[in-house]
Amino acid sequence: MIPITTPVGNFKVWTKRFGTNPKIKVLLLHGGPAMTHEYMECFETFFQREGFEFYEYDQLGSYYSDQPTDEKLWNIDRFVDEVEQVRKAIHADKENFYVLGNSWGGILAMEYALKYQQNLKGLIVANMMASAPEYVKYAEVLSKQMKPEVLAEVRAIEAKKDYANPRYTELLFPNYYAQHICRLKEWPDALNRSLKHVNSTVYTLMQGPSELGMSSDARLAKWDIKNRLHEIATPTLMIGARYDTMDPKAMEEQSKLVQKGRYLYCPNGSHLAMWDDQKVFMDGVIKFIKDVDTKSFN
C-alpha cells in the first residue's frame, strides 16, 4: 500500500508490482471512475513476457484501496496529484515512466501528461475521447442502433432516475454492453470481479449511472481538453476500436493533435479491446513501448 496525501487527510492506495526493469515502468490506470485493477490483469502475461516492470493499481476510492467518503476527493486534479505521488513511490521518472489509461483512466492519463509530462517517457490512451460532450454525442449515435422499443424503455427508466431497477441492467447488457463494452461471449472472470467491486457512489457522482453516455449533472460531463492536446510532447499512443463506445475516428484525430502521436486501430475490438481484440491491442502497445524505449518511435 502506498501512502497518499490529500486535502482532507492521508490514505493508502493498493499497488502490485510485476518484474524489475529500470528502463521500463508502466503504471496501469483503470477506468470507472472507481472500477478496479482487476479487469487489467490481462496485461500480466504479455508484459511479463516482455520483461517490463509494471504496476496494477487501485485508485483511491476503489475496492482494494482506502474508500473515504468525502466528496471533495472526487475530482480530476486530486486524482492527477495522486498519480504523481504513486510515481514518486515507485521511483519512476522521465527516463522510464509509462502511463497506460483505459476509459476514465485515459482521462487521468491525458490530464497527468498535461501537468507532469516532464516526468513521463510515454503515454498510452486506450479507448477514451478527449471531450466528454463529444463522447455523449457519439453515445447518442450508438444508442440509436438499439431496437427502438429497447431504447424507449431505457430512456423511460432514465427519465424516472430509476437506475437501481434491475430491468435497466437487463436491457443494457445484451443490447449495449455486449456490443460496445466487451464483445467476448463470456466475460472474463477478471472483468466480472471488477464490475462487482465498483464503488458505485464515486462512479455515479463523476460519470453517471451507466456506460450509455454521461449524465448531464455528472462531474465529468463538461470535461474537454481536445484543444489542449497540442501541448503534449510526450510520445503518445491513442487506441481506438471499431465497436467502442468511443468514436474510433476521434481517437485517430487525437493521435494527430498531440505533438508525437501514433494511432492503433483494433478492427474487432470494443471499449475493452484489451480483451476482445487482444492480439492487435497488446502487439500495438508493446511495439509502442519498445519503440519509445529504443528511441525508434517516430
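Including glycine, each Cβ sits where the backbone N, Cα and C put it.
Annotation comment: Swiss-Prot describes SER103 as active site, nucleophile. The Cβ of SER103 (active site, nucleophile) has HIS30, GLY31, GLY32, ALA126, ASN127, MET128, HIS271 as same-chain neighbours under 8 Å, each 6 or more residues away in sequence.
ASP244 (active site) falls outside any helix or strand according to DSSP and counts as coil. Note: ASP244 (active site) has non-local neighbours ASN127, HIS180, MET251, GLY269, SER270, HIS271, ALA273, i.e. same-chain residues 6+ apart with C-beta under 8 A of its own C-beta. Feature annotation from Swiss-Prot assigns active site to ASP244.
Under the heading active site, proton donor, Swiss-Prot lists HIS271, citing similarity to another entry as support. Following the DSSP three-state reduction, the secondary structure of HIS271 (active site, proton donor) is coil.
For the domain 'AB hydrolase-1' (26-277), the model's pLDDT averages out at 97. Annotated domain 'AB hydrolase-1' per Swiss-Prot: 26-277, in sequence order, evidence recorded as sequence analysis.
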**Item:** Neighbouring C-beta atoms (10 Å sphere around the C-beta of HIS271 (active site, proton donor))
**Value:** 25
